[in-house]
Each structure stands twice: as structure tokens, then as C-alpha cells.
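J.: Attaching a single structure in C-alpha cells format; questions to follow.
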Amino acid sequence: MKNITILGSTGSIGVSTLEVVSAHPDRFRVVALTAGNNLEMLRQQIETFRPQMVSVLSEKLAVELDRSLPGYKPEIHYGVEGLIAAATAGDAHMVVAAIVGAAGLVPTAAAIRAGKDVALANKETLVTAGRLIMDLVRDKNVRLYPVDSEHSAVFQSMEGQSRKDVLRIILTASGGPFLNLPLDQLSRVSIDDALNHPNWSMGRKITIDSATMMNKGLEVIEARWLFDTPAERIDVNIHPQSIIHSMVEYVDGSVMAQLGVPDMKAPIAYALTYPERVPTGVNPLDLTALSGLTFFKPDYRRFPALKLAYDALAAGESMPAVMNAANEVAVEAFLSGVIGFIDIAATIARIMDAHEAHTLSTIEEALITDRWAREKARELVGLVRR
């Protein structure tokens with residue numbers, strides 16, 4: 001029986017994780033859950049999984065949750081302290097880090113410090129403080145299992161192989177909803193257009209990141225740290241069918257790939273049960289039903305955010321933190337109708353231009369850098385034309 005904590009249990013990854021847990025009650029016990037402000041869903045999860053501890057966004061929500069629970073009541077925490085309490089809960093063997101954005105950095109680091117293995121769905125943690133987090137992983141001798149479908153595919157394609165034999169990593173990307181839209185129409189796309197992903201069902205923020213391909217840029221940076229591979233050996237291929245989730249090319253010319261229908265339950269289950277595999281309910285892949293698998297290079301004119309991610313990696317380790325923070329603010333501004341779609345990348349570029357990259361010595365320095373970039377981006381979005 002593996003005891004798990006889920007940070008972000010009411011989000012897309014959290015819900016899928018609990019579906020995997022429900023399918024295998026003999027394997028998993030839920031110790032702690034954290035959520036933002038979706039109390040209705042959290043109440044249902046508490047009733048079903050009876051965690052020892054939960055945490056919500058604020059004290060007000062914690063009081064409201066406590067009053068609304070008719071039966072079983074776990075310990076109720078709130079805020080950053082609540083996230084840390086859940087992440088370090090003594091009974092947990094593994095923490096699923098599924099909080100969206102840089103907000104996941106502090107509790108994920110706390111889980112690692114507490115000696116917990118981590119199933120990492122929060123790519124922003126490694127984008128914001130990659131070297132520091134990986135140093136912590138090695139120091140505490142814990143395992144970091146990738147949950148992102150692309151990184152899970154790379155992880156699986158490297159199993160049993162020597163890292164010195166890896167020539168390059170090839171991350172695949174669907175291209176999102178605007179892959180074939182004429183470039184001159186990108187400035188006019190609506191929020192609903194951007195949220196209409198062709199292949200994956202995800203949260204709002206990551207869906208916008210997929211439309212700009214910033215999501216793939218974040219994944220390039222995450223792969224750099226997860227697999228200790230320099231950016232020049234991490235390529236991105238557009239693969240509209242989303243069947244091959246990523247590939248690894250070796251020095252002998254062999255290419256290992258992981259295939260499957262687009263469903264996050266598969267990589268989640270592998271992270272939870274590694275090195276075993278369990279049934280997930282994911283539909284089987286019928287290759288004969290596919291008309292073909294296509295691949296091509298991304299166009300930086302269409303996806304400038306992807307180029308910004310490579311630029312951030314090249315600039316130095318504080319720059320990805322700045323890029324990520326600016327992106328989070330810009331996406332929030334777009335989803336609020338404050339700026340247009342093409343203004344997202346333009347906002348990020350402006351904030352990156354205003355930052356002089358430097359080495360990050362501590363998690364706190366990474367957080368300070370993150371806060372600086374957010375403040376600058378918030379100032380800027382009020383000046384960007386809609």
C-alpha cells in the first residue's frame with residue numbers, strides 16, 4: 001500500500017490521479033489533499049477518500065469548508081503553510097505535485113526536503129529553480145518521477161539505456177488550435193478559440209500555454225534538468241496526432257519512442273507505480289485506424305514563445321524564472337480580456353529584456369526573482385494594447 005498526497009487535487013491532473021487511485025484501492029491510500037477554492041469538489045473528494053489532512057487557499061475558505069462537512073472531518077489547513085504541511089505529511093510515501101504555476105515550487109521543495117518521492121506534474125518548479133531542485137533531490141536521495149506525458153515518454157524511452165549513449169531528446173507537440181491559422185489572424189483569436197485544444201483536455205492555463213507553445217518551452221527547460229541534457233540536444237517536433245509522446249535518439253542511430261492515445265492517466269499511473277504497470281482504463285491504440293503520423297519543425301513566427309524559452313535557457317538560470325512569471329501574468333491577463341493573444345509572447349519578451357540574468361543560490365532567491373518579474377509584468381500589461 002502506497003500512501004500519497006496530492007497537491008492540487010481539484011485540478012485536471014489531480015482529478016485524473018484520483019481516478020487512478022480509485023481503480024486500484026488495494027495499492028493506494030490518500031493521506032492529504034490540497035485545493036484552491038473549489039470547495040464543492042474537495043468536499044466530494046474528502047467524502048470518497050477520507051484523507052487525514054486537507055488544505056485550501058485561505059483561512060476564510062478553511063472555515064467555510066469546516067462548517068460544510070457533515071460527517072468525516074480531516075485536519076484543515078490553509079495558505080502556503082497548509083501546502084507545506086500537506087507536502088510533508090508524515091505518512092505519505094509519495095507527493096503528486098500538480099499545482100499549476102510557480103506556486104508549486106515551495107511545497108514541492110518541502111516534500112523533497114522531507115524525504116518524499118515526488119510525481120512531478122508541475123513543470124514550473126524546474127523552470128523556476130531547476131538546478132536547485134535537482135541538487136536537493138540528489139542530497140535527499142529521493143526519486144523525481146515525471147508526470148507530463150512528454151517527459152514520461154522520455155523517461156520510458158531511456159529505461160535500461162546508458163545516458164552517455166543519448167544523442168538527443170525529441171519532444172513532440174500537437175501544435176495546438178492555431179497550427180494552421182493564417183499568421184495575420186492570430187491577433188484576432190478569442191479566449192474560447194485558444195481554449196479549444198484539438199487533442200488534450202487540460203486546465204485553462206496549460207491550454208493557453210499549449211496554444212502559444214510556451215508549454216513546450218517550459219517542457220524543454222524541464223527536460224534539461226530532469227535528464228541532465230543541454231538545450232542544444234533537446235529538439236521539438238510538431239506532431240499533430242499526439243500519438244508519439246516523445247522520442248530519444250541514441251548515438252547508434254536508434255530512436256526509442258513511447259506511443260499511446262492522449263490520456264494523462266497513463267503517465268500518472270506509471271509515475272505512481274514505477275517500475276510496475278497497472279491497468280488504467282486508457283483506450284488501446286489502434287495503429288491501423290490512423291491515416292498517418294506527421295512531424296515537422298515549429299515556426300518561431302507562429303510560436304515566438306517557444307523561441308523565448310530557448311533564449312531563457314541560454315541566458316542563465318534566473319531568466320527562465322523571469323520568463324515563467326511573466327508568462328503566468330500574461331496568460332492571466334489574456335484570460336481576463338486585458339490583452340490579446342499575440343501580446344502574451346510580446347509581454348514575456350519585454351520583461352526578459354528588462355532582466356539581467358544571474359545565478360540563483362537559494363530557493364528564496366528564485367522566489368524573489370519570480371516576484372520581481374510578476375510585478376513588472378503586471379505593470380506592463382496595463383500598457384499593452386488590446
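Even glycines carry a Cβ here, placed using N, Cα and C.
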J.: Given that Swiss-Prot annotates Thr10, Gly11, Ser12, Ile13, Gly36, Asn38, Asn122, Glu124 as NADPH-binding, name the residue from Gly176, Gly203, Gly217 that shares the site.
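T.: Matched candidate out of Gly176, Gly203, Gly217, per Swiss-Prot for NADPH with Thr10, Gly11, Ser12, Ile13, Gly36, Asn38, Asn122, Glu124: Gly203.
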J.: In Swiss-Prot, the residues Asp148, Glu150 are said to bind Mn(2+). Which of Glu81, Glu159, Glu219 is said to bind at that same site?
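T.: My reading of Swiss-Prot gives Glu219 as the candidate in that site.
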J.: Write out the long-range same-chain contacts of Asp148 (Mn(2+) binding site), meaning residues 6 or more apart in sequence whose Cβ is under 8 Å from its Cβ.
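T.: Non-local contacts for Asp148 (Mn(2+) binding site): Leu120, Ala121, Lys123, Glu219, Glu222, Pro267.
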J.: Please report the DSSP secondary structure of Glu150 (1-deoxy-D-xylulose 5-phosphate binding site), reduced to three states.
T.: helix
J.: Distance check, please: Cα of Ser12 (NADPH binding site) against Cα of Asn215 (1-deoxy-D-xylulose 5-phosphate binding site), rounded to an integer number of angstrom.
T.: 15
J.: Whole-number Å distance between the CA of Asn215 (1-deoxy-D-xylulose 5-phosphate binding site) and the CA of Asn122 (NADPH binding site)?
T.: 11
J.: Which secondary structure state does DSSP assign to Ser12 (NADPH binding site), in the simple three-class scheme?
T.: helix
J.: Where His197 (1-deoxy-D-xylulose 5-phosphate binding site) and Gly203 (NADPH binding site) are concerned, what is their Cα separation in Å, rounded?
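T.: Gly203 (NADPH binding site) has its Cα 11 Å from the Cα of His197 (1-deoxy-D-xylulose 5-phosphate binding site).
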